[in-house]
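Below is the structure I would like to discuss, written out as structure tokens.
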Amino acid sequence: MAETAPLRVQLIAKTEFLAPPDVPWTTDADGGEALVEFAGRACYQSWSKPNPKTATNAGYLRHIIDVGHFAVLEHASVSFYISGISRSCTHELIRHRHFSYSQLSQRYVPEGDSRVVVPPGLEDDPELREILIAAADASRATYTELLTKLEARFADQPNAVLRRKQARQAARAVLPNATETRIVVSGNYRAWRHFIAMRASEHADVEIRRLAIECLRQLVAVAPAVFADFEVTTLADGSEVATSPLATEV
């Protein structure tokens, strides 16, 4: 019986900032937030912080977002390793073209024991879950049968790696959209804000919405001055959404 895979989002990289020693400026933040402030001040050489309202890093970044100077947000980035996400969800995710992706390859990784991501609409219904798991088991059995026969068909191929790849790339056609995949996603702060605004909305598919909100929670921990304007609320159906009056790039 196919195992189910829960969503897991792991922070694996974030920006480090190294202040140039010859610039007469300090800040009360570090990492990506400091870099964004530095980039903004570099545009105007405002190292002396002449405006009291933007003298702190949080005040400066709030002003940057308020006035729509989003270009400076592109200097800082965050990377996540995401597992427990379905292939159907990553088909939506990779439409965000400002991100960089490295996804599990079904041509190289055998999927005979792959896990299944249960869609949100089926989670609380044992009968529907059972139907889903049965369908996944049937497709995996067909995948395994096809793989065996395809490897035999390509037996004349002397390169064993190529032979297995040719078999897997054909057999994977029968795998369901619910098959778990794993993916590394890297993006700058501006791209992440756009993703959250688009995919944490009540109009988004629930699976990618959950992903967006989990990413948001971790982004707030990394760069609160950049992401804390998003508010997470719960809808009548129990699902969560995140919105911000400052998320103007949608």
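Each residue, glycine too, has its Cβ placed from N, Cα and C.
Here's the feature list from Swiss-Prot:
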- Arg199: active site, involved in ionization of N3 of dUMP, leading to its activation (ACT_SITE)
- Glu92, Leu93, Ile94, Arg95, Gln103, Leu104, Ser105, Gln106, Arg107, Arg172, Arg199: dUMP binding site (BINDING)
- Arg95, His96, Arg97, Gln103, Asn188, Tyr189, Arg190, His194: FAD binding site (BINDING)
- 7-233: domain 'ThyX' (DOMAIN)
- 95-105: motif 'ThyX motif' (MOTIF)
Rank the binding-site residues Arg97, Arg107, His194 by how many other Cβ atoms lie within 10 Å of each Cβ and give me the one with the fewest.
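Across Arg97, Arg107, His194, these binding-site residues, the one with fewest Cβ atoms within 10 Å is Arg97.
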Within 10 Å of the Cβ of Tyr189 (FAD binding site), how many other Cβ atoms can you find? Include all protein chains, please.
27
Write out the long-range same-chain contacts of Gln103 (dUMP binding site), meaning residues 6 or more apart in sequence whose Cβ is under 8 Å from its Cβ.
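Looking at Cβ-Cβ distances below 8 Å from Gln103 (dUMP binding site), excluding near sequence neighbours, one finds Thr90, Ile94, Thr181, Arg182, Ile183, Val184.
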Expressed to the nearest Å, what is the distance separating Arg97 (FAD binding site) and the residue listed as 'active site, involved in ionization of N3 of dUMP, leading to its activation' at their Cα atoms?
14
To the nearest whole angstrom, state the Cα distance for the pair Arg190 (FAD binding site) and Arg199 (active site, involved in ionization of N3 of dUMP, leading to its activation).
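Arg190 (FAD binding site) and Arg199 (active site, involved in ionization of N3 of dUMP, leading to its activation) have their Cα atoms 14 Å apart.
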Taking the Cα atoms as reference points, how far is Ser105 (dUMP binding site) from His96 (FAD binding site) in Å?
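Here the two Cα atoms lie 19 Å apart.
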For the motif 'ThyX motif' (95-105), what does DSSP give as the number of helix, strand and coil residues?
0 helix, 4 strand, 7 coil
What whole-number Å value do you get for the CA-CA distance of Asn188 (FAD binding site) and Arg107 (dUMP binding site)?
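Counting only the Cα atoms, the answer is 29 Å.
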Run through the Cβ atoms and count how many others sit within 10 Å of the one on Arg95 (FAD binding site).
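Other Cβ atoms found within 10 Å: 10.
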Look up Asn188 (FAD binding site) in the DSSP assignment and reduce it to helix, strand or coil.
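In three-state terms, Asn188 (FAD binding site) counts as strand.
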Find the shortest Cα-Cα separation between Arg107 (dUMP binding site) and the recorded positions Arg95, His96, Tyr189, His194, Arg199, and name the residue that gives it.
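Going through Arg95, His96, Tyr189, His194, Arg199 one by one, the closest to Arg107 (dUMP binding site) is Arg95.
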What count of other C-beta atoms do you get within 10 angstroms of the C-beta of Asn188 (FAD binding site), across all chains shown?
21
Could you tell me the maximum Cα-Cα distance in Å between the residues recorded as binding FAD, namely Arg95, His96, Arg97, Gln103, Asn188, Tyr189, Arg190, His194, rounded to a whole number?
22
